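Below you'll find the structure, written out as structure tokens, and then a few comments.
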Amino acid sequence: ASFTIALRTVDNVTVMIKLRPGVSVGCQIHVKNFFRSELKIKPGDNVTFTFTCSTPEKYFIMEIQKNVDCVSGPCPFGDVHLYPPGLPRLNRTFIWDVKASTKAGLELRFSTPWLRQIEPGETCPDFVSYNINSCIDKATVNIGTFCRNGSVSRVKLLGGVIMSLHLPWNSPLTTSGFNIANRASIKRLCIIESILKGESSITLMSPNYPLGFPEDELMTWQFVIPSSMRASVFFHNYSLSNCERKEERVEYYIPGSLSNPEVFKLSDSQPANIPGSFNLSLQGCDQDAQNPGILRLLFQVVVQHPQVDENVTHLLDLSKELNMTVTIHFEGWPRRIPVMSEPICLICKDPRTCDRVLTLVSGAVYKISFLCKDLSRLRITAEKGISCVDLRWCQGKIYHLLVPKAITQLPIQLHKFIWKLLAPELINIEITSPSLKLQQHVPEQRCNTSYSYSIVGATPETELNVGVFCPGGSIEKIQMRNNVTISLKTFGKGFLNESKHQDLKMSFVPHIKDECSFTVSPDPKAKVYLQNPNWPYGLPPYVSISWYVVVPNKQVARLGFSKDRMGIACETGRAYVNIKEETAGAEETVCREDEPLPKPRNMYHDFWVNVSNCKPVDKTQLTLQFQVTLADKQIDLGVILAVVAGAGVLAAIGLTVCCVKKKKKKSQNPMVGVYNANVNTQVPGKQGLFTKGRKNNESHVYAVIDDAMVYGHLLKESNGSVSPEVDVYRPFDGPIGSLPPSPPPLSFRKDIKRSSNTEEPPPLTDTDHDTYTFAHQKSGQSEDIGDTSEKNNGDTSTSLLENKEQDGLVE
């Protein structure tokens with residue numbers, strides 16, 4: 001098809017057809033037996049041309065520019081038409097370059113459905129867009145890019161204007177959609193009018209966004225809103241320039257206000273709940289010539305109906321709280337940014353100070369109101385700090401970790417309450433739950449309560465995520481080193497009722513040995529599952545964790561591990577699992593990372609489980625889980641018979657003593673049965689079985705007293721009384737320590753390089769890969785046995801250091 005374009009000189013219109021950027025020459029323009037890739041048609045020309053392809057819109061674009069002089073001649077006010085007609089179906093850009101004096105500003109009026117401003121790089125749904133530039137002398141300012149279907153009805157400009165309309169090749173639009181009107185000078189860069197009739201949300205940007213608002217300029221947005229509606233302003237993105245004189249600010253003119261104009265900084269919370277129409281102005285400053293900076297602003301205006309409960313206030317009394325902040329926010333904050341078109345929920349601390357997020361500090365009383373149709377979309381997050389500087393002042397003081405009633409009484413769901421517990425070096429933190437106790441959230445035993453506690457400890461090197469806990473378990477106490485963060489998180493609406501029974505408490509205690517220690521009192525009716533912190537990512541290197549499990553007198557605890565081995569390989573050091581009952585003479589079971597974990601076993605007394613990590617190889621991590629089940633002790637018939645037999649023996653001893661006393665009155669001669677120390681009373685057997693001697697073994701401990709034993713040597717007269725000296729077992733009735741078992745000496749850590757000038761220790765025996773058991777010697781006993789692991793009363797760090805020095809391992 002051929003096209004003819006005839007341009008009148010009086011119209012001052014130029015048409016330019018050229019190749020689309022980035023497209024190779026696959027089509028040409030045929031004009032008077034010539035083939036061209038570009039065609040320029042000037043005012044007064046009459047040109048007929050064709051394309052050498054059937055789809056020229058893929059290769060060519062068209063620009064139609066009309067120059068309008070409103071300075072030296074009359075200005076063509078009224079509707080702007082798309083001229084000339086009969087253009088080929090190409091992507092078209094109509095440009096109107098209007099020259100005007102700064103003393104007579106221009107006004108662009110847009111026909112419905114008006115315009116909507118978009119950010120640079122954004123495209124319009126129908127690909128029809130308007131671009132407005134203001135021309136003052138030789139300077140050009142980009143007012144903005146707009147799509148159809150919006151609220152911007154008018155734009156007033158100081159000086160000339162360059163107006164561009166971009167149409168796709170298949171657009172059915174036949175009118176420009178705006179007209180030009182002349183008005184008096186507006187004495188500012190521009191005025192943008194926006195008409196909002198119902199509930200809606202619009203986004204607007206300052207000129208030249210995001211490159212920067214012109215220096216020391218002033219512009220205004222006029223918002224036309226029904227008096228029955230309410231408007232709120234939110235600044236979402238802004239930056240400030242470096243001012244030498246004046247100050248950058250925004251000013252509001254609100255009809256009926258007693259302080260017009262109301263001046264705000266860009267960093268302030270902007271006015272909300274504005275009744276009806278208002279104006280917003282942006283004022284720049286004189287910038288630093290060397291470092292001007294950038295002033296820019298992107299903001300949102302939300303219009304909604306008055307809320308039914310906007311005059312209903314809720315009292316939030318934080319006057320008696322210390323170091324607390326309360327934030328009321330929308331659901332998903334701060335990770336999720338709400339879409340600007342979403343219905344908005346506003347929180348107000350006074351009728352005009354409202355925002356989507358409101359943060360309040362302790363020490364004051366607030367009257368809160370809500371501009372929100374659905375309060376279920378709002379949440380509360382609170383944070384409280386508790387610190388200890390001097391242990392003498394805060395030791396023994398118990399802090400109740402409770403959510404204040406002032407927060408739970410608000411009609412907003414509590415999302416999270418955070419306690420930040422700060423303790424300096426050598427002061428540790430103890431967390432208790434005396435009545436409810438705590439249950440650890442594990443895959444085999446999940447929490448199903450309306451709230452839970454997440455406990456995280458901050459070591460100097462890394463965070464130690466202790467785990468998630470909920471009320472109604474077996475953990476009575478958790479002791480931790482360094483600072484601790486406890487986060488209470490709610491699930492559902494049941495927290496309002498369950499929160500009345502909170503009993504979590506915290507206190508500051510002296511230094512503890514392990515990074516974390518648990519005290520567990522298992523439920524007799526349920527299996528207790530316990531797992532190490534940082535699950536499932538594994539313990540940090542060189543961290544030690546302990547569990548102290550309380551076993552009732554008439555019950556026995558069944559201890560079992562969920563897997564056979566620790567599942568790690570150590571790069572440096574060794575990883576250990578220590579198990580020891582808290583009773584006199586109890587053996588300690590120690591397993592290394594390359595050895596199997598203990599099989600399920602019965603524990604008849606309170607016991608410790610200690611885990612000490614090494615530096616693992618590659619990505620292997622130490623994860624350990626075990627379970628404890630309580631059961632009633634079974635009565636052994638053999639024990640009953642032994643007790644009866646023992647009673648008979650004691651009765652016989654008593655009868656003998658009576659007889660001896662009577663005979664002593666008749667004769668003072670020595671008895672035939674007097675104990676002779678020189679007589680060997682041991683049963684003949686293999687020599688060398690107990691090489692340490694009687695005092696160092698337990699050959700003198702009798703499980704059952706033989707009835708056939710001669711008791712005459714038990715008698716010894718002392719002031720007319722009998723004092724038996726038989727060396728029988730007597731149960732330990734002294735105080736039991738509360739420290740966890742010490743890890744094994746470093747002599748077992750074969751892989752650590754020893755010093756070259758240190759004598760090599762003797763090689764380990766064939767049992768090196770078996771489970772080791774150590775019977776700790778009693779205090780006051782001879783130290784010739786060679787076990788020094790208990791010299792420091794269970795202090796692991798001291799014991800390890802001594803062994804390192806002995807083995808030459810201290811670097």
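Positions of Cβ are set from backbone N, Cα and C atoms, glycine also.
TrEMBL: automatically predicted annotations, no manual curation.
Marked as domain 'CDCP1 first CUB' by TrEMBL: 3-70. Predicted-model confidence for the domain 'CDCP1 first CUB' (3-70) is 93, expressed as mean pLDDT.
What TrEMBL records for 79-182 (among others) is domain 'CDCP1 second and fifth CUB'.
Annotation comment: TrEMBL describes 188-291 (among others) as domain 'CDCP1 third and sixth CUB'. With DSSP classes pooled into helix, strand and coil, the tally for the domain 'CDCP1 third and sixth CUB' (188-291) is 0 helix, 52 strand, 52 coil.
The annotation domain 'CDCP1 fourth CUB' is assigned in TrEMBL to 315-403.
The annotation domain 'CDCP1 second and fifth CUB' is assigned in TrEMBL to 410-500 (among others).
Taken from TrEMBL, the feature domain 'CDCP1 third and sixth CUB' covers 514-625 (among others).
According to TrEMBL, the transmembrane segment annotation covers 637-660.
Residues or ranges marked as region 'Disordered' in TrEMBL: 733-811.
Feature annotation from TrEMBL assigns compositional bias 'Basic and acidic residues' to 748-757 (among others).
Taken from TrEMBL, the feature compositional bias 'Basic and acidic residues' covers 802-811 (among others).
When the domain 'CDCP1 fourth CUB' (315-403) is classified with DSSP, helix, strand and coil residues number 7 helix, 42 strand, 40 coil.
DSSP assignment over the domain 'CDCP1 third and sixth CUB' (514-625) gives 0 helix, 49 strand, 63 coil.
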